[in-house]
Amino acid sequence: MSLTLTSSSLALEHTLSCLHKCSKEVELKQVHAHMLKSGFFHDPYAITKFLSFCLSSSTFSSYAQDVFLNGLDRPDTFLWNLMIKGLSSSDQPESSLLLYHRMLSSSAPHNPYTFPFLLKACSNLSAFQETTQIHAHLTKLGYANDVYSVNSLINSYAVTGRFNHARLLFDRIQEPDLVSWNSVIKGYAKAGEMVTALTLFRKMPEAKKNAISWTTIISGYVQAGMNKEALQLFHEMHNSNVPPDKVSLASALSACAQLGALEQGRWIHSYADKERISIDSVLACALIDMYAKCGDMEEALRVFKDSKKTKSVQVWTALISGYAYHGLGGEAMNTFTEMQKMGVKPNAITLTAVLTACSYTGLVEQGKSVFYTMERDHNVKPTIEHYGCVVDMLGRAGLLDRAKRLVQKMPMKANAVIWGSLLKACQIHKNIELGERIGEILIRMDPNHGGRYVHTANIHAMGKKWDKAAETRRLMKDKGVVKLPGCSMISLEGTTHEFTAGDRTHAEIEKIRTKWRAVKRELEGNGYVPELEDVLLDLADDEEREAIVHQHSEKLAVAYGLMKTKPGTTIRIMKNLRVCKDCHKVMKLVSKIYKRDIVMRDRTRFHRFRDGKCTCGDYW
């Protein structure tokens, strides 16, 4: 690294350009030594450039602090602010607060820019006590009305969940600016207080709303699970002539993914193409996830292939997750192998996706191999999510004793999700004794979850222990616990239609029921006999059980789809619970009789029915 030049100013610029070539501390020290020897460290411009470079890298931020505190004589306010700002955005934002204490003890003067940087650190740390201390200090020093400081305070209080503090500050501002509005709305949205967030958003002057304002409220609705409302706001944003940015597009695509709204997702994709919005890693992930969760893996794969050659780990993970949802275990494993060949290192989420794919497709040996080599090959310590995938994989495969032993050997306490998957495996494989023990554990652990009581009662009923089944249901009723009702959605022409079990609320419900009766006659003419095993096993009356199974929400949804779409059109259904055996059997028959592809996404995975068969191979 040659540093010999004639002109002093050119020499300085050349020295500073050498900074960007530094990847190790020993190289940085060489540049630092040359700057000291050449006298460049007396130049404020040179010092600023040097510290800024160090702060931009987590590798050198501690070196910047050492140089600043021990190598500079009485740095001015600008340099103090530079250091506080850089550290507030680092992976150790608490360092900026510690540096501020040094600033106070050195009696360095403040200015209005000092406090927003400190408050940013407080926001990143969700540090309420420190926020109040800085609030008191900036008030004492006369900056209580500085708009930048007040906006930073609003944001910090909102992030730490102190909405009363944030709202009080906001309401005191005579004319809130764009940042004030966005900060207070973001705080309420992040906490899921969407009624208040929307009320404030509607009060915000239209002239002040920008893409960040719209994105904040849309993202809030998506995070709150209010996806229909999120999409309505997205279209309102578009109609308001505010061009969506990449974050708002990604949020809207996430809403489409959760709703199974494929047509709306396609429209957003085409909009991005039309407006020449580059598909970066974030948008690629959102598009792959949307297409996969809406049942179109071909398009998800096309987006993956069209993304930049250097694909991020998130993009690879999105594709692997998509294959997992669809029960394409072989494709998931092949993608995982290809990813590593391309030099992309999998992270914890990638490995969860791979293990999920193995679980959903019965790839037990491959799943075990991935799990037991995680730490050695990928430097990822297994978390409870990884253990949960393996327990589910072993349980689905009928290896209940091995699954139970793994739960007992786990380095952390098993949660209700793990016990729940093992209970379901006991029900599938009719292991009554183990299922009853797990059911008791689950009811104690998760007493407000209705499914725990229902599955435990069904295990008792499976073993003909009617008194115990009735006692479990009575306990559920006495505690006031309600089982989550089955709900299915079907999107047609941009409108999502929702059905619940035994639904009578839809405007065309009588026509739908008439259609279902006609479908049922066709099914029976093709040898259909209801599967009643999953349905209230403690009811002795088969007619009552059959009546209940024929009111399941996905049957109403498929009847509506047959009513409203042209022959040959694919019917896409979303279900909030696991599809039962009878509905699975019905969908296979409907696909064959009516020559329709039916794509159904239940709580965890996809089923694609075609010509009487399902892609899950009846393994779900």
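Cβ coordinates come from backbone N, Cα and C, glycine included.
Taken through DSSP, the repeat 'PPR' (76-110) splits into 24 helix, 0 strand, 11 coil. The annotation repeat 'PPR' is assigned in TrEMBL to 76-110 (among others).
Under 8 Å from some Cβ of the repeat 'PPR' (177-207) lie the Cβ atoms of residues 147, 150-151, 154-155, 157-159, 161, 163, 166-167, 170, 213, 216-217, 219-221, 223-224, 226, 229, 240, all in the same chain and six or more residues away from its ends. Residues or ranges marked as repeat 'PPR' by TrEMBL: 177-207 (among others).
As annotated by TrEMBL, repeat 'PPR' applies to 210-244 (among others). In the predicted model, the repeat 'PPR' (210-244) shows an average pLDDT of 93.
Only residues 6 or more beyond the boundaries of the repeat 'PPR' (280-310), in the same chain, are considered here, and those with a CB under 8 A from a CB of the stretch are 246-247, 249-250, 253-254, 256-258, 260-262, 265, 269, 272, 317-319, 321-323, 325-326, 328, 572, 599, 601, 606, 608. Under the heading repeat 'PPR', TrEMBL lists 280-310 (among others).
The repeat 'PPR' feature in TrEMBL is assigned to 312-346 (among others). Residues 281-282, 284-285, 288-289, 291-293, 295, 297, 300-301, 304, 353-354, 356-358, 360-363, 366, 370, 378, 380, 601, 604-608, 615-617, 619-620 of the same chain sit 6 or more residues outside the repeat 'PPR' (312-346) yet have a Cβ under 8 Å from a Cβ within it.
As annotated by TrEMBL, domain 'DYW' applies to 527-620.
Note: the repeat 'PPR' (210-244) comprises 26 helix, 0 strand, 9 coil (DSSP; helix = H, G, I, strand = E, B). When Cβ-Cβ distances below 8 Å are used as the criterion, the repeat 'PPR' (76-110) is approached by residues 44, 47-48, 51-52, 55-56, 58, 61, 64-65, 68-69, 117-118, 120-122, 124-125, 127, 130, 141, 143 of the same chain, each at least six residues removed from its ends. Outside the repeat 'PPR' (210-244), and at least 6 residues removed from its termini, the chain residues within Cβ reach (under 8 Å) are 178, 181-182, 185-186, 188-190, 192, 194, 197-198, 201, 204, 251-252, 254-256, 258-259, 261, 264, 271, 275, 496. Counting residues per DSSP class in helix, strand and coil order gives 25 helix, 0 strand, 6 coil for the repeat 'PPR' (177-207).
Residue counts for the domain 'DYW' (527-620) under DSSP, helix first, then strand, then coil, are 33 helix, 16 strand, 45 coil.
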